[in-house]
């Protein structure tokens, strides 16, 4: 997730800013498509990584004793690799092979113009890439993370009840045995730490969704009904998504 945000900040945002400020593209057709590919790659990798993190937390919460054996470091590396492969197949392959290209006159003119880098896509690519890059991971992420919070909440309630009964029945023993009190405090601190981590991940996922959902809604609408969404709105919402890369380090 950090790598995707870093690449977005170093390789996508500066060229995007130059494109808007100068109102033209100064880096040629090849770099236009390569830059666009990196853009789609980073967005796809970001949300799919968040989706994988949600599944990881779900397994950690629901099957804590099996977690270490189920998710080893090698398996984690394979999953991360798969995320970037899928992201590459969604971005670089169709863009570099020109499968994404629209056939209307305005789009064709832009493709042949060295100073134009507007992202004109055909309907099939716009909808398919939005589904693979955003909507499917979003649905999985929301469903899994809602389950994670439900399970975590129930576990915290059980721990609170257990500690309450323990203190009520064995207060004098706890006072005499420092080790028992230390064990309870350690258990409570661990649960609070896990709960805080879940809240932080929830904020990251929520921020990402709020930043990118408007753009992907507009992206699909634009693919179905051309000229319905003003270009300025499209660019503004795209930059709202870019801003998300600056939020994660702060969160």
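From the backbone N, Cα and C atoms, a Cβ is placed for every residue, glycine too.
Swiss-Prot annotations:
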DISULFID  32-117  disulfide bond
DISULFID  110-116  disulfide bond
LIPID     191  S-palmitoyl cysteine
MOD_RES   67  phosphotyrosine
MOD_RES   172  phosphoserine
MOD_RES   187  phosphoserine
MOD_RES   188  phosphoserine
TOPO_DOM  22-32  topological domain 'Extracellular'
TOPO_DOM  56-76  topological domain 'Cytoplasmic'
TOPO_DOM  101-122  topological domain 'Extracellular'
TOPO_DOM  147-200  topological domain 'Cytoplasmic'
TOPO_DOM  225-231  topological domain 'Extracellular'
TRANSMEM  1-21  transmembrane segment
TRANSMEM  33-55  transmembrane segment
TRANSMEM  77-100  transmembrane segment
TRANSMEM  123-146  transmembrane segment
TRANSMEM  201-224  transmembrane segment
TRANSMEM  232-251  transmembrane segment
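Overlay of Swiss-Prot annotations on the structure.
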| residue | record | contacts (Cβ under 8 Å, 6+ apart) |
| --- | --- | --- |
| 32 | disulfide bond | 25, 116, 117 |
| 67 | phosphotyrosine | 59, 60 |
| 110 | disulfide bond | 116, 117, 118, 120 |
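A simple Cβ count within 10 Å picks out one of the disulfide-bonded residues 116, 117 as the most packed, and that one is 117.
The DSSP breakdown of the topological domain 'Extracellular' (225-231) into helical (H, G, I), extended (E, B) and coil residues amounts to 1 helix, 0 strand, 6 coil. Residues belonging to the topological domain 'Extracellular' (101-122) score a mean pLDDT of 93 in the model. Away from its own ends, the topological domain 'Extracellular' (225-231) comes close to residues 104, 118, 218 of its chain (Cβ-Cβ under 8 Å, at least six residues beyond either end).
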